[in-house]
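Taken from TrEMBL, the feature domain 'Major facilitator superfamily (MFS) profile' covers 1-302. Taken from TrEMBL, the feature transmembrane segment covers 26-44, 50-71, 131-158, 170-191, 198-219, 225-243, 280-298.
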Amino acid sequence: MWNWTSFICGPVYISEITPKNLRGRFAAVNQFMICCGASLAYALGTCITWRTLAIVGVTPCLLQLVGLLVIPESPRWLAKIGHSGALEEALQKLRGKETDISEEAADIKDFTEKLQHLPQSKMLDLFQKDYIHAVTVGVGLMVLQQFGGVNAICFYASEIFVSAGFSSGNTGMLAMVAVQIPMTALGVLLLDKAGRRPLLMVSAAGTCLGCLLVGLSFLSKEHHWAKDLNVALALTGILIFPIHMKGSAGSLVTLVSWLGSWIVSYAFNFLLLWSSYGTFFMFASICGLTVVFVERLVPETKGRTLEEIQASMNSSLTPVSSGINRAA
C-alpha cells in the first residue's frame, strides 16, 4: 500500500514544487532514478538470493523516510488549505532566499481560489464533456503503456531471454540493464529540448520496433531459423523506454495503470503458451497505436505552468493541432 502511495504522491509533489522551466527535467530525473534502482535490483538479483535482495531494499526506504521529514510541503497544497503564510515560506525555501516569489505565489493563490469556487468534484464528474479530453489522454496513455507489455517484459525478462536463445537469463538481464540506463538518461537530457509529445512518439515507436524484433526472434526459433539470429534480435529488441505521463485525473489514471499492469503480468505466461511471437507482435501493434494516439490527442506541456495546462485541458475539445494546445 505504501509503495502505491509513493508512486502516486511522488510525481504529484515533484510537479507541484518545480518551476515550469524545470518541471520536465525533475520528473524525468525521478523516472531515471526509478530506472537505476530497478536496474540495480536486476544486477544484484543475479548474484544474491531474493530474500537478501528484499532486505537490501529496506535501506533506501529508511533513507527516504528520513528525507521526508526535512523537505518542505507543497505550496499548492498549502494554498488549497488556506495557509498563505506557510505557502510563501515553503515557496521561498524551494526557490532560494534571493528569488522574488511574489508573482508565482500570486498565480498559485489566484488559481487555487478559482478552484475552490467550483463545486465539489466526484469521480463521475471526470466523464463530463469539459473533462473528457483530459481523462481520455491520461487513461488512454496508461492503458496503451501497460498493454504495450512494458511490465511483462520487466517481470519476465530472465525467462524471455532464455526462451529467445540465451544460455543464461542473467546474461540477458545484464544486457537489458546496460541498455535501459543510458536510454533513460538520454530521455532526461532531451525532455525539455525536444518536448514531451515527440519523445512519447519516438519511445512508443522504438518500443514497437523492439517488440517486433523480439517477436521475430521467437518466430525464427519456432521455425528453426539461424540460432545466432535469435540472440541478436532479442538483444537488440529489448528497448524499454519508460513513458512518463501525469494525467489530470490522477487517481483514475493510476488505478487503470496498475490494473493494466496486473492484467498483462498475469496473462503474459498464458499468452506465451498461446504464441510467443504473436504475443510480442500484439505488444508491437499496441505501441504503434500509441504513436497515433499521442499525435492526435496528447497536448504538449513543455514550458507551461500546471495552471495553464489544466485550463487548456479542461476547456479544449479541439484536436491538439490547434495553437493553444501546442508549445513553442
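Any Cβ shown, glycine's included, is placed from N, Cα and C.
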Feature contact check the transmembrane segment (26-44) with the transmembrane segment (170-191), CB under 8 Å, 3 or more pairs: yes
Across the domain 'Major facilitator superfamily (MFS) profile' (1-302), average pLDDT on the 0 to 100 scale: 74
